[in-house]
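Taking it in order: structure first as structure tokens, then the write-up.
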Amino acid sequence: MELIFLGTSAGVPTRTRNVTAILLNLQHPTQSGLWLFDCGEGTQHQLLHTAFNPGKLDKIFISHLHGDHLFGLPGLLCSRSMSGIIQPLTIYGPHGIREFVETALRISGSWTDYPLEIVEIGAGEIFDDGLRKVTAYPMEHPLECYGYRIEEHDKPGALNAQALKAAGVPPGPLFQELKAGKTIMLDDGRQINGADYLAVPVPGKALAIFGDTGPCDAALELAKGVDVMVHEATLDMAMEAKANSRGHSSTRQAAALAREAGVGKLIITHVSSRYDDKGCQHLLRECRSIFPATELANDFAVFSI
């Protein structure tokens, strides 16, 4: 998987940062797909500056209904339809997301020529497609807001083909059954258990993408042990009280959570427009003083998971 940041500014766009949108490229060998997390104003234009086709977009997750995370959605939905894309799309978001989308389309005389499903969520598991699952956690923000934990299921270990050949198992369809952990019977009556010829399963990757939030009870469970944690760092340490009063977090709080949760990497985003490039580096230094494995997301930055 890889993350592509399409927008990294808090509240309003700046000359160098658009408002929030994060693309997740699943990079699965047999199931291509793109997921979008939040869709601030101008997201579809940001997408044009990448190599990714909106037709590959099959899921959109909205954290909350503040405009800097939402106002790009109607335009993206309509442009996707006008481009002749017919692949289905599912939107997940808090209560009110259905009314917002349906009202925007109705009042503007717009529609989609592809199947569009809108799922209003609460806290808990959203879905499990057999390859990965997504769970929503409640954030601390003035509006109903969620963070998302994306977990790949463990992958089966490699099949020991040499040992199977030595045991007299012919290569072919039987290998596929054994790789699935099944038990087969050979012509000579012997039973071969696939589990005996599989290496240790390969652990799946885990990712936490926080919505806007101040410190909250669910944060640790959402982030615990993930490979990558994406978290806002709207303001610096000196402005922590102001950040919290508005349902946001400081650099110190994001980094301290990453350390406590034992994450592999912290990526900070949702930077206040008060910070220029020099100020953003100040935010990064504050985080790294607490959690060294921190990166600052800029628009169009790409991170592997």
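From the backbone N, Cα and C atoms, a Cβ is placed for every residue, glycine too.
For the Zn(2+) 1 site, Swiss-Prot lists HIS64, HIS66, ASP212; matching the candidates HIS141, HIS282 against that entry yields HIS141. From the candidate list HIS153, HIS270, the residue Swiss-Prot records in the Zn(2+) 2 site shared with ASP68, HIS69, ASP212 is HIS270. Here the binding-site residues are ASP68, ASP212, and the one ringed by the most other CB atoms within 10 angstroms is ASP212. Cα of HIS64 (Zn(2+) 1 binding site) to Cα of HIS270 (Zn(2+) 2 binding site): a span of 14 Å. The two recorded residues, HIS66 (Zn(2+) 1 binding site) and HIS270 (Zn(2+) 2 binding site), have Cα atoms 13 Å apart. Taking the Cα atom of each, ASP212 (Zn(2+) 1 binding site) and HIS270 (Zn(2+) 2 binding site) are about 8 angstrom apart.
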